[in-house]
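**Student:** The structure under discussion is supplied below as structure tokens; questions concerning it will follow.
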Amino acid sequence: MNAKEIVNEIKRGEKTAAGFLFECKNKIEKKEEEINAFISLDLERSIEKAKEIDKKIKEGKDVGKLAGLPIAVKDSITTSNFKTTCGSKMLEGYHPPYDSTVVSKIKEEDGIVIGKANCDEFCMGSSTETSYFGSTRNPVDEERVPGGSSGGSAASVKYGANPLALGSDTGGSVRCPASFCGVYGLKPTYGQVSRYGLIAYASSLDQIGPIANSIEGISLLFNVISGSNDMDSTKVEEERGGSQIELSLNDLNIGIPKEFYGEGVDEEVEEKVKENLDQLRDKGAKLKEISIPSMEYALSAYYIVAMSEASSNLARFDGIRYGFKQKMNDNWEKVFSQVRKTGFGEEVRRRIMLGTYALSTGYYEKYYEKALKVRTLLKRDFEKAFKEVDFIITPTMPFRAFEIDEKIEDPLSLYMADILTVPVNMAGLPSLSVPCETNGLPIGLQIIGDSFEEDRIIELARKIKEE
Amino acid sequence: MDIVIGLEVHIQLQTNTKLFCGCSTNYRDSKPNKHTCPICLGLPGSLPKLNQKALEYGIKAGLALDCNIADSMQFHRKNYFYPDLPKGFQISQYDSPLATEGTVELSNGKKIEIRRIHLEEDPGRLEHPAGKKQSYVDYNRSGVPLLEIVTEPDMSSPQEARDFLRKIREIMEYLKIFDGGLEGSLRCDANISIEGGGRAEVKNISSYKGAEKALNYEITRQKNLMRRGKEVKRETRHFNEEQGITKPSREKEEEHDYRYFPEPDLPRVTISKEKIKEIEESLPELPDEKRDRFQKEYGLSQDQAESLTTSLFLADFYEEIACQIDPELTATWVADTLKGELSYRGINLKESNIEKEDLLFILRYLKEDEITEKGAIKVMRSTLDENKKPEKIIEEENLRSISLDEISEIAKRVIKENPEAIEDYRQGKEKAVNYLVGQVMKETNGRADPGETNKLIQKQLEEID
Amino acid sequence: MGFISDKEITEEDVKHIANLAKIDLDEVEIKKFKKQFNDILDYFNKIDEAETEGVEPTYHGLNLKNVTREDEVKDELSQKEALENANESEDGFFKSPRVKE
Ligand SMILES: [Mg+2]
Ligand SMILES: [Zn+2]
């Protein structure tokens with residue numbers, strides 16, 4: 001059953017929110033120990049909330065769009081008075097005094113945050129192996145990674161702890177785990193969802209997005225979190241209608257960018273995506289080969305931008321106001337350096353230092369500014385493409401979920417895994433990963449749309465899934 | 001030897017809220033860490049949002065200093081670590097500031113060029129209690145809007161630097177965007193070099209007097225080095241206000257790599273020509289204009305006009321009284337008498353008990369000979385010290401002037417009661433008259449006009465002859 | 001030019017970057033990071049080849065302008081909330097490692 005159907009049943013009184021929560025609790029009790037999808041769980045309070053919602057419904061009171069739905073929230077998103085660690089020792093024991101905008105919106109609509117999902121430390125990774133709280137396992141194959149950095153969110157949805165989850169996506173962190181775990185994951189247009197309360201990795205690329213086991217679930221959660229907000233200066237203010245879009249495949253041109261296929265992409269993955277493309281063509285869509293020429297620089301440029309911004313965003317962690325505690329008996333510079341050595345994991349330190357380098361005097365132009373020029377090129381390439389086609393379809397990840405420990409010792413090879421997702425963040429575009437392999441290890445298909453066309457992307461995904 | 005001085009002045013803007021969050025800027029009257037939020041504490045996940053008013057104040061300041069206002073500006077992050085800096089970077093402006101190329105005219109007529117003006121956030125406040133192992137941080141000040149004004153190295157003496165700061169203070173106060181009376185509301189760094197030597201950057205200057213003191217110290221230090229044939233190094237130094245000296249800063253030069261980059265959380269700000277025009281038209285009369293007008297309109301001397309326009313509050317105080325009564329008389333009483341009394345008490349006009357109506361009342365009585373000058377001063381002092389209304393003081397202390405007839409009666413009595421004084425007078429001792437006048441004054445509680453009394457007594461003494 | 005040598009990242013460079021980033025490193029880490037940085041930057045240097053003559057950098061994720069707020073006080077934390085997560089606090093202050101003035 002998808003999230004929309006569950007809410008409707010709860011609202012109609014055919015199912016109780018508490019009852020559904022107990023079902024989820026059972027699955028958590030059965031699977032969580034092996035999967036480790038959560039850093040923290042809030043089951044007691046969640047059950048209380050579910051009961052309150054049931055009571056409201058019984059009394060005939062109005063309830064919100066997410067009435068009684070348990071939702072896992074990535075631990076990079078703040079929840080007031082509830083532990084938020086971003087997968088790092090640096091934030092062990094941190095209880096933020098405020099809710100992120102997306103969590104406020106979920107609560108306003110009577111959604112229930114049942115726990116904080118595991119993720120790569122400060123969202124830096126594609127496998128959820130860099131989390132200080134242990135790696136998450138892929139529910140489809142426990143020897144494999146769930147993808148990252150929102151690995152806990154995708155895994156929790158996959159094993160049934162909750163029908164919906166929130167992730168955050170800087171270079172593919174929603175879509176990658178969605179692809180590896182065989183669920184849906186949407187990275188909205190930059191500026192569509194408020195980032196207020198999202199612990200920043202790379203400010204100009206970060207975006208919060210929904211993960212769900214159904215298209216309906218994606219649509220439902222996306223509409224709730226993308227409303228207006230006055231705390232984020234980089235968010236568009238238009239309210240979303242959430243209206244149903246009419247889409248006729250016969251009128252559609254679908255772009256197949258040649259740089260996203262071929263070398264580096266696993267043959268089976270490519271085959272599977274192409275199978276789906278063929279079906280779309282059979283249903284009337286026109287396929288068109290296109291080109292994103294600056295693609296070859298996308299990965300380098302992406303990592304330079306992300307690391308540079310991260311080096312600055314993560315400068316606030318000095319051990320004074322919150323987080324990891326250390327004795328403060330030495331002079332401040334020594335204490336800060338010790339706190340940051342001990343509180344940050346290796347990958348985080350590596351990225352902070354590389355970013356520091358890329359912004360430093362004499363290197364700013366060579367790295368940061370140059371990377372942002374490449375970003376302009378990427379944006380132009382996509383703008384040009386969307387003059388010719390309505391959507392672009394590619395594999396989400398170049399391969400299926402890899403084994404735990406397979407890549408963690410070789411940072412560069414891990415970075416390469418993001419090759420097909422990062423161009424979308426660089427261009428600020430929306431994209432959705434759709435599971436397209438029903439047997440065995442999942443494969444994800446990525447639909448990229450033009451800015452603010454999430455509703456149309458969701459509609460196309462529906463068409464793909466229609467038998 | 002030529003002295004070259006340039007200043008970087010930071011002034012706090014008097015907005016209600018901080019530059020990027022809704023916290024109150026009123027940190028001086030409150031307990032530590034009472035005006036903070038996720039944004040100004042730099043909590044993970046928080047984002048800045050620009051205060052519209054701070055931007056407007058910045059434009060005002062730029063226009064008042066004859067700057068070009070940018071049609072588009074950008075905030076940058078200035079990355080460095082310090083315990084008072086909650087995000088590990090300061091949101092400031094770099095290569096796209098709010099305003100550029102302005103001027104300020106000093107009292108001596110010299111023009112100082114302004115290189116740029118930009119907005120940035122104040123860090124928190126550190127305390128270092130004696131005997132404690134740690135420092136203490138209060139983030140109430142964190143995020144208070146600062147306007148940084150950078151000059152060209154156009155000043156050639158510490159006096160000029162001080163005068164520049166005074167001018168800036170006056171202008172900003174006239175714009176009602178700044179309160180120089182608040183501790184730490186103006187801080188500056190100074191670059192100073194003497195021909196042939198390296199440039200020292202002196203940090204941590206937090207007052208007008210401090211600036212002059214620090215620069216005088218630096219000139220002596222640099223000259224002494226040169227006299228001894230030693231090299232004056234290019235370096236950063238810290239000013240210690242209590243000791244009045246500068247000391248080399250411990251920071252190493254290569255650590256100053258601020259890695260500026262455009263703040264990705266704050267979009268560009270464009271400023272339309274219409275907006276600039278609107279603000280320009282709303283600019284109040286500035287100190288120099290007011291000074292000229294006071295001289296022309298009220299016939300004041302340059303010194304008086306200068307003295308009466310040092311603050312907008314004082315100038316308004318003066319002008320409102322001057323409009324209702326003799327402007328020249330008012331000028332003397334405000335610029336000389338009242339300011340003297342205030343400085344004796346170490347307070348400023350705003351803090352004092354005296355209101356416009358009080359001084360107007362006193363001057364009216366004085367003009368109509370209802371009180372003597374001496375009485376007027378007495379009333380003024382009591383108003384200042386006891387916070388009583390002049391009317392009441394005159395009544396309670398019986399200060400109303402008395403008629404010549406009454407004085408004459410008292411004088412007669414006094415002369416009668418002091419035969420030895422008459423004797424002295426006869427022997428030519430002029431002092432005797434003074435003594436008798438003094439007695440009359442005493443009897444009348446100072447209400448008698450001393451000149452008139454003197455005349456009366458002389459006359460009466462002669463009559464006795 | 002920067003403080004860092006032009007060709008290859010040296011151990012000195014790594015130390016300098018670590019100091020700017022305020023991250024303490026031991027000798028083993030310095031060696032390890034030196035190698036990794038050179039490998040990674042070698043790959044990143046690919047962007048040198050991109051033809052960007054006359055191309056403006058895209059600094060922001062979205063081309064918005066003039067997002068401001070009214071100058072109205074709101075949403076302050078209480079002193080207790082502000083200090084809740086502090087490492088150490090006393091008399092309403094956060095404590096920090098000693099700063100010598
Ligand atoms: Mg400054
Ligand atoms: Zn605040």
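The backbone N, Cα and C atoms fix where each Cβ goes, glycine too.
Just lifted these from TrEMBL, have a look:
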type	residues	note
ACT_SITE	A:Lys74	active site, charge relay system
ACT_SITE	A:Ser149	active site, charge relay system
ACT_SITE	A:Ser173	active site, acyl-ester intermediate
DOMAIN	A:23-457	domain 'Amidase'
REGION	A:133-152	region 'Disordered'
**Student:** Residues sitting near the region 'Disordered' (A:133-152): Cβ under 8 Å, six or more positions beyond its termini, same chain?
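**Tutor:** Residues 31, 34-39, 72, 74-76, 85, 87, 117-120, 123-127, 158-159, 165, 167-170, 173-174, 176-182, 185, 211, 397, 401-404, 406, 441-442 contact the region 'Disordered' (A:133-152) from elsewhere in the chain.
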**Student:** Cβ-Cβ under 8 Å from A:Lys74 (active site, charge relay system), same chain, 6 or more residues apart: which ones?
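**Tutor:** Expected: A:Lys116, A:Ala117, A:Cys119, A:Ser150, A:Gly152, A:Ser153, A:Ala165, A:Leu166, A:Gly167, A:Ser168.
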**Student:** Take the Cβ of the residue listed as 'active site, acyl-ester intermediate' and count every other Cβ within 10 Å, whichever protein chain it belongs to.
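**Tutor:** Taking all protein chains shown, the residue listed as 'active site, acyl-ester intermediate' has 36 Cβ neighbours within 10 Å.
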**Student:** State the Cα to Cα distance, in Å, between the residue listed as 'active site, acyl-ester intermediate' and A:Ser149 (active site, charge relay system), rounded to an integer.
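**Tutor:** Checking the Cα atoms of the residue listed as 'active site, acyl-ester intermediate' and A:Ser149 (active site, charge relay system) gives a distance of 5 Å.
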**Student:** Using DSSP, what's the helix, strand and coil tally for the region 'Disordered' (A:133-152)?
**Tutor:** 2 helix, 3 strand, 15 coil
**Student:** Including all protein chains shown, what's the count of other C-beta atoms within 10 A of the C-beta of A:Ser149 (active site, charge relay system)?
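**Tutor:** Its Cβ shell of radius 10 Å holds 35 other Cβ atoms.
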